[in-house]
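So that you can see what the record holds, here are the features copied from Swiss-Prot:
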type	residues	note
BINDING	Ser12, His70, Gly146, Phe147, Gly148, Gly149, Asp176, Gly177, Gly178, Gly198, Ser199	substrate binding site
BINDING	His37, Asp39, His70, Asp176	divalent metal cation binding site
ACT_SITE	Asp39	active site, proton acceptor
ACT_SITE	Asp176	active site, proton donor
Amino acid sequence: MTFDRSIKIAPSILSADFADFGREIQAIEAQGADWVHVDVMDGHFVPNLTFGPPAVAAFRKHVKTVMDVHLMISPVDAYIDAYAQAGADVLTAHVEAGPHIHRTLQAIRAAGMKSGVAINPGTPAEAIEHVLDIADVVCVMTVNPGFGGQKYIDMTAKVRKLRAMIGDRPVHIEIDGGMDPVTAPLMAAAGADVFVAGSGVFKGGSVSTPEVYGKNIAAIRAAAQAAL
């Protein structure tokens, strides 16, 4: 996984057909997905329950691009090795999930993965400034975490601030929540380069009509690129 700031679309399989994950992953990748985003929720840090390491390992068999695993769990550190063994390429933990995010990011890198730090809408950008040297991805939540399909919360000022803080470090700014052809360009103009989209990609399509996924991915990408 090499670093560049080109626009990347990361469909969230939380919005896919749960009965057909393998073919759904194959479909979105064939239709232009750059990363595959996997939302892990524990029913404790967030009020929903999704995928553990065995599910992520099953997804890995189908993912040919980058498997981007977003941990919405607390605690995090005890599970890092399990997600590394499951095949995560990027493992993202929330700054709000514990008191030692620096140690968590170090452990993620030590396990052979790219490290990500996520930040909720109510948390200021300054909360992660001290770990930007050991982060590969900063994930800015533009919804409160826990469920797909929520209404977008504008985080333009926060993204601009983070872009300035990051400077020339090789760190992606990823946006998670409510991304579509209207909201993605706002974030791209502020400095983001990776866009997580669940319903924005999967709405209206299926493994039988994957071209809909392709149109949705292309529309988000084109809108974001036009804002640069």
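Even glycines carry a Cβ here, placed using N, Cα and C.
Sequence features, as recorded in Swiss-Prot, placed on the structure.
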{"residue": "Ser12", "record": "substrate binding site", "Cβ contacts under 8 Å, 6 or more apart": "His37, Val38, Asp39, Gly148, Asp176, Val196, Ala197, Gly198, Val201"}
{"residue": "His70", "record": "divalent metal cation binding site", "Cβ contacts under 8 Å, 6 or more apart": "His37, Val38, Asp39, Val40, Thr92, Gly116, Ala118, Cys139, Asp176, Val196"}
{"residue": "Gly146", "record": "substrate binding site", "Cβ contacts under 8 Å, 6 or more apart": "Met41, Val46, Pro47, Asn48, Met72"}
{"residue": "Gly178", "record": "substrate binding site", "Cβ contacts under 8 Å, 6 or more apart": "Thr142, Val143, Gln150, Lys151, Tyr152, Ile153, Gly200"}
{"residue": "Ser199", "record": "substrate binding site", "Cβ contacts under 8 Å, 6 or more apart": "Ser15, Gly148, Gly149"}
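According to DSSP, Gly148 (substrate binding site) sits in a coil region rather than a helix or strand. The secondary structure of Ser199 (substrate binding site), as reduced to three states from DSSP, is helical.
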